[in-house]
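Structure first, then comments.
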Amino acid sequence: MHQRALLFSALVGAVRAQQAGTLTEEVHPPLTWQKCTADGSCTEQSGSVVIDSNWRWLHSTNGSTNCYTGNTWDESLCPDNEACAANCALDGADYESTYGITTSGDALTLTFVTGENVGSRVYLMAEDDESYQTFDLVGNEFTFDVDVSNLPCGLNGALYFTSMDADGGVSKYPANKAGAKYGTGYCDSQCPRDLKFINGMANVEGWTPSDNDKNAGVGGHGSCCPELDIWEANSISSAFTPHPCDDLGQTMCSGDDCGGTYSETRYAGTCDPDGCDFNAYRMGNTSYYGPDKIVDTNSVMTVVTQFIGDGGSLSEIKRLYVQNGKVIANAQSNVDGVTGNSITSDFCTAQKTAFGDQDIFSKHGGLSGMGDAMSAMVLILSIWDDHNSSMMWLDSTYPEDADASEPGVARGTCEHGVGDPETVESQHPGATVTFSKIKFGPIGSTYSSNSTA
């Protein structure tokens, strides 16, 4: 009787699970990267990338009927979260023709618009091709080349880490049968509520279709975790930003208690949605980054980020660039009361004061809390536009109605309106970002140069 009960329980669990489809074979585009040692020798690693489950075709398990079309759910297949998870399956992806994602050796190119698809988000897979590659960052550095020359105002070619589960949530949430192979388990410091599935269950209950994004909406739950933005950038502006959370791993939140971009009360949640950012333009150094500037976005650049600390305790995040064989130190702050060119606890406190921003960063653990979360982080690469604020927080003046002469308001040279999603999707569908030559290792091991600028 006990064995029969266990069997029945297992069958019920499978029926209610988030399913993986079989109509399209899932083949991850290969992407190599390098792991380096203290002496500067680097070994090639055979990885691949997988697209996030939110972009995938979601259809009935017993056929090919869409469970989700545009930004609405099929009510018969998805009357509630549990039934939807049982009735619907994520399927394999055609990376190039559907999503504009291509790889070649160590290079990954993401195209902004391909057919009806807008933007993409991919994760680096481990060599087993079943789990995400993870990185222990404190005491190490992470380096990559990037070409942002074809990323205009309003777009963001991002490279960042979050504390996603390496298996996509399969072991924590048995209802998730798709796992990392199908790009499940996303979370970040905005506690995003636009995810179709969280913790193996659908997010249909309370779903409200977006009024300005034909492909998205907001559900009743969000998925939270610490986020380390190494690179949020286009050809005009760039920023790197740590975002700590109260919990070190992925957690689910409900409604506006999630906070972040998707909720009425931005600071209601357990994560810091603002972070402590370093944007050279915002820090008053307006001639540093951009076309024909010190870091020239007309050309490929090498981006080096160092995580200073030991024993898991993070004390500083440093940035430098290599371009045309020369190492370029990060821009110095030109803001009164804020000194330095790296992210430290003192820098963050001084910056919040100078800009008149709420110090939500310290409330959720600050730099120390960020360091606590920086083991086994998952690498994410994406291209996207911003239906909330048109990327003005990155490359324009923000808030939109603020005086651009006030400290911290000007973040770049883009005019208001040019980054509107409708504008960039119609005028710049062929925009691209290319990431290549990813390297990871002890500090000083991943880059070299002929001279220092």
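Note that Cβ sites are derived from N, Cα and C of the backbone, with glycine treated the same way.
Sequence annotations record features per position, and here Swiss-Prot assigns signal peptide to 1-17 based on sequence analysis. For ASN62, ASN285, ASN388, ASN450, the entry in Swiss-Prot reads N-linked glycosylation site. Under the heading active site, nucleophile, Swiss-Prot lists GLU227. Among the features that Swiss-Prot reports, active site, proton donor is placed at GLU232. Taken from Swiss-Prot, the feature region 'Disordered' covers 402-428.
All features noted in Swiss-Prot, drawn onto the structure.
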{"residue": "ASN62", "record": "N-linked glycosylation site", "Cβ neighbours (10 Å)": "8"}
{"residue": "GLU227", "record": "active site, nucleophile", "Cβ neighbours (10 Å)": "27"}
{"residue": "GLU232", "record": "active site, proton donor", "Cβ neighbours (10 Å)": "23"}
{"residue": "ASN285", "record": "N-linked glycosylation site", "Cβ neighbours (10 Å)": "19"}
{"residue": "ASN388", "record": "N-linked glycosylation site", "Cβ neighbours (10 Å)": "14"}
**OP:** Report, as numbers and ranges, which residues of the same chain sit near the region 'Disordered' (402-428): CB under 8 Å and 6 or more residues beyond its ends.
**Re:** 112-113, 118, 152-155, 212-213, 236-237, 239, 279, 281-282, 284, 286, 290, 335-336, 351, 354-357, 385-387, 390-396
Subject >> Residue pair GLU232 (active site, proton donor), ASN62 (N-linked glycosylation site) - Cα distance, angstrom, rounded >> reply: 41
Original post:
So, by DSSP, how many helix, strand and coil residues make up the region 'Disordered' (402-428)?
Top reply: 7 helix, 1 strand, 19 coil
Subject >> Local backbone state of GLU232 (active site, proton donor), from DSSP in three classes >> reply: strand
**OP:** Can you figure out which of ASN62, ASN285, ASN388 (the glycosylation sites) comes closest in space to GLU227 (active site, nucleophile), comparing Cα atoms?
**Re:** ASN388
Subject >> ASN388 (N-linked glycosylation site) versus ASN285 (N-linked glycosylation site) - Cα distance in angstrom >> reply: 27
Subject >> Inter-residue Cα distance where the pair is ASN388 (N-linked glycosylation site) and ASN62 (N-linked glycosylation site), in Å >> reply: 37
